[in-house]
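Shown next, in structure tokens, is the structure this report addresses.
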Amino acid sequence: MLKIIIPTILLLPTVMLCKPKQLWPATLTHSFGIALLSLQWFKPSMELTTFSNHYLGMDQISAPLLILSCWLTPLMILASQNHLTTEPTSRKRTFISTIILLQIPLILAFSATELIMFFIAFETTLIPTLMIITRWGNQVERLNAGTYFLFYTLIGSLPLLVALLSMQAQNGTLSTCTMQLNQPTMMNSWTHSMWWFALLTAFMIKMPLYGLHLWLPKAHVEAPIAGSMILAAVLLKLGGYGIIRITMTLDPLSKTLSYPFMMMALWGVVMTSSTCLRQTDLKSLIAYSSVSHMGLVIAATLAQTQWSYTGATTLMIAHGLTSSMLFCLANTNYERTHSRTLLLTRNMQVLLPLMGLWWLLASLTNMALPPTINLMGELTIITSLFNWSNATILMTGLGTLITATYTLYMLITTQWGETPLHMKTIPPTHTREHLLMTLHVMPMTLLMVKPELVWGIFY
């Protein structure tokens, strides 16, 4: 574990001290080296949890998410190069340092074995993300988006802290491994429900659950490309990972709480998918699509069966790669046309033919075409939810149908149609952009061949 954390920390002095001409190549090579080094975590272990020390450990649920966050760091640096060309060198250094400062608490959050350490790392990710959105965002509304993001996260995290402290007072420990050995403490049912509610709310806001999701489209639309990528790919998964960790460690979830959350999650799948059909803003459409997919993950984690946990971890990884790629594609359009409006970026297939192929691949994976891991995740979740209650098939089935519809709508609108006059002379695509798309598609393709790497410990 330390052989990933220490090189990541040492990337900070590298960024600050290297020559201006070597800034992008040096940071990219270094972070890509860390990403390749992290792939060894896929190696199966005989032990359920591999401990680095008392506070850091890793199992087959956190390993794929850790690798995903390490893999995305070089991709964020690669995607941001064009965005920062006009900035002075000192600001480029600050930007890359902020990305690395976000990476460190992410690694600590996914590898923490103490819940209070997980909470501290979970909250620390807020500060660099807020800096990326409010400093390097594109429009004036970025400050409004930052405020939404800050207050939604903080309002949810205070009850979580109180619940964790009460658990520490009761059990005498917050270590996830020790707590699994404790006898379940049956409190007064109302107190127990409120305690569970406090534990889950922070993660539901982070996921986000439909109804608590208003910060997400704002944050995504206003964030620069690196902010959108890390938000969609890793930060939303912190919520899912938190729910899985807490529900596995503690007493079974009370029915009074799981039903309303489950209903909101499944209703959210249908509602946010329907919202996507009416979006005119490309980034906003992809952001709402994330809320829809995360609704499935919330429902699966609350069902608490081995199949649903497997489906949830698989879909989190699949969605992380897919949505990150979609945001990169939206950014390539934005850099050329300076508009996110769908109707103003038509017929891109003729102007940028190879980008058309990347759009097709990203859209097909987003609507879970066989044999992608998106399909494996969604199918496993739908099956386990159907097993939990037959009525859920109506919501999940309708959700997948609308998902296919809005994804095709997005693909057809951007790739076909009449070329607008202002787009007759747009610059061609760069090798950097194609490399970026390849590094998104390659892990998805390889995981189709061996999906059990991201199934977690449940299969």
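Along the chain as shown, residues are numbered 1 onward.
Glycine residues also receive a Cβ, built from the backbone N, Cα and C atoms like all the rest.
Positions annotated as domain 'NADH:ubiquinone oxidoreductase chain 4 N-terminal' by TrEMBL: 1-109. When averaged over the domain 'NADH:ubiquinone oxidoreductase chain 4 N-terminal' (1-109), pLDDT in the model lands at 91.
As annotated by TrEMBL, domain 'NADH:quinone oxidoreductase/Mrp antiporter transmembrane' applies to 112-403.
Summarising the annotation, TrEMBL assigns signal peptide to 1-18.
Annotation comment: TrEMBL describes 61-81 (among others) as transmembrane segment.
Summarising the annotation, TrEMBL assigns transmembrane segment to 149-169 (among others). Counting only same-chain residues 6+ beyond the ends of the transmembrane segment (149-169), those with a CB under 8 A from a CB of the stretch are 115-116, 119, 122-123, 126, 129-130, 133, 195, 197-199, 201-206, 208, 212, 214-215, 218-219.
Beyond its flanks by at least six residues, the transmembrane segment (194-216) meets 122, 145, 148-149, 152-153, 155-157, 159-160, 162-164, 166-167, 187, 231, 235-236, 238-240, 242-243, 246, 250, 253-254, 257, 261, 264-265, 267-269, 271-272, 287, 290-291, 294-295, 297-298 of its own chain at Cβ-Cβ distances under 8 Å. Under the heading transmembrane segment, TrEMBL lists 194-216 (among others).
Look at TrEMBL and you will find 223-244 (among others) tagged as transmembrane segment. Distant neighbours of the transmembrane segment (223-244): 61-62, 65, 68-69, 72, 75-77, 79-80, 83, 95, 99, 102, 106, 109-110, 118, 122, 125, 129, 132-133, 136-138, 142, 145, 200, 202-208, 216, 283, 286-287, 290, 294, 297-298, 301-302, 309, 312-313, 316, 319-321, 323-324, 327-328, 331; these residues of the same chain sit at least 6 beyond its ends, with a Cβ under 8 Å from one of its Cβ atoms.
Residues annotated as transmembrane segment in TrEMBL: 256-273 (among others). For the transmembrane segment (256-273), the list of distant contacts is 189, 193, 196-197, 200, 204, 209-211, 213, 288-289, 291-292, 295-296, 298-299, 302-303, 385, 392, 395-396, 398-399, 402-403, 406: same-chain residues at least six beyond its ends, Cβ to Cβ under 8 Å.
Annotated transmembrane segment per TrEMBL: 285-303 (among others), in sequence order. Remote same-chain residues near the transmembrane segment (285-303) are listed as 204, 207-210, 213, 216-217, 219-221, 232, 236, 239-240, 243-244, 247, 253, 258, 261-262, 265-266, 268-269, 272-273, 275-276, 279, 309, 311-312, 315-316, 319, 323, 326-327, 330, 342, 366, 378, 380-382, 384-385, 388, 392, 396, 399, 403, 406-407, 410 (criterion: CB distance under 8 Å, separation of at least six residues from the stretch ends).
Annotation source TrEMBL lists transmembrane segment at 309-329 (among others).
Annotation comment: TrEMBL describes 350-373 (among others) as transmembrane segment.
The transmembrane segment annotation in TrEMBL covers 393-414 (among others). Residues 266-267, 269-270, 273-274, 276-277, 279, 282, 285, 289, 292, 295-296, 333, 342-343, 345-346, 348, 359-360, 363, 366-368, 378, 381-382, 385-386 of the same chain lie 6+ residues outside the transmembrane segment (393-414) yet bring a C-beta within less than 8 angstroms of a C-beta in it.
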(message) Can you work out which residues elsewhere in the same chain, 6+ from the ends of the signal peptide (1-18), have a Cβ less than 8 Å from its Cβ atoms?
(response) 26-27, 30-31, 33-34, 37-38, 52-53, 56-58, 66, 70, 73, 93, 96-97, 100-101, 103-104, 107-108, 111
